[in-house]
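Listed features, source TrEMBL:
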- 127-182: coiled coil (COILED)
- 90-117: compositional bias 'Basic and acidic residues' (COMPBIAS)
- 44-224: domain 'CT398-like coiled coil hairpin' (DOMAIN)
- 235-269: domain 'C4-type zinc ribbon' (DOMAIN)
- 1-30: region 'Disordered' (REGION)
- 86-124: region 'Disordered' (REGION)
Amino acid sequence: MGPQGPCLQGGHRPLDGPRGLPRSDCRSPQLNAAPADQIRLLDVQALDVRLQQLAHRRRSLPEHAEIESLTKDLTQLRDLLVAAQTEESDTAREQTKAEQDVDQVRQRAARDQKRLDSGAVTSPKDLENLQREIASLAKRQSDLEDVVLEVMERIESVQERVAELTERVSSVQSKIDDATARRDAACEEIDGEVATVTKEREVIAGTIPADLLKLYDKLREQQGGIGAAKLYQRTCQGCRQELAITDINEIRAAAPDTVVRCENCRRILVRTAESGL
Ligand SMILES: [Zn+2]
């Protein structure tokens, strides 16, 4: 064993290992840490995994998708409601206009009738014209009244639609409120556990030498959240690969406080009674 200890490149192997893996880590000075500190690193790792699971659970709460989908529905319904309300006020204006038209025709017919009744019009030709106009106005009034009726029917139907959409908007809104309350309660519970686990991690991490913790944090970031793994029955629990016999021999030969790494995944390998050494 050279001065680099069990860092498995140790000088007696070519720069490219048997698996052609980069060995740049081996050029950094050998790290030492008391076996108890290394074991505690596994506790930190377990808590970090727990924190990752909690973050994942928080992100994938079913309420997120539920709220998103309901909010989409709500936006659509609100658009429909605004369109219906616009149609309602447009139609109301149309009704006023149609009623005014009827009124005008009615007033004009009343004036004509008054003139006719007054006997002031005596010329037969004028009388005939006046009577013809009264008849034509009556026809016109009847047509316009039909328009008023048709507009009123449309108003009734659009009012029904506004009422229905208003109810649907309020129903979807209360579903959103309900899902939001459930989401917030779930998040609060998760956040509470995150706070507890974070505190616990802080306490344990505080007892681990800074250089070991730094290496662990760096590897954890690079290796999908797992920076330290147990060596269990000659298998790295980080990458699940069984170590080669030569690597096992080097680890066997390493001092207990040497921080050893997996040749395959480069994670910190923590030795325990179950390591199969
Ligand atoms: Zn490994």
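Each Cβ is built from the backbone N, Cα and C atoms, and glycine gets one as well.
TrEMBL: automatically predicted annotations, no manual curation.
Across the domain 'C4-type zinc ribbon' (235-269), the model assigns an average pLDDT of 96. With helix defined as DSSP H, G or I and strand as E or B, the domain 'C4-type zinc ribbon' (235-269) counts 9 helix, 8 strand, 18 coil. Residue counts for the region 'Disordered' (86-124) under DSSP, split into helix (H, G, I), strand (E, B) and coil, are 34 helix, 0 strand, 5 coil.
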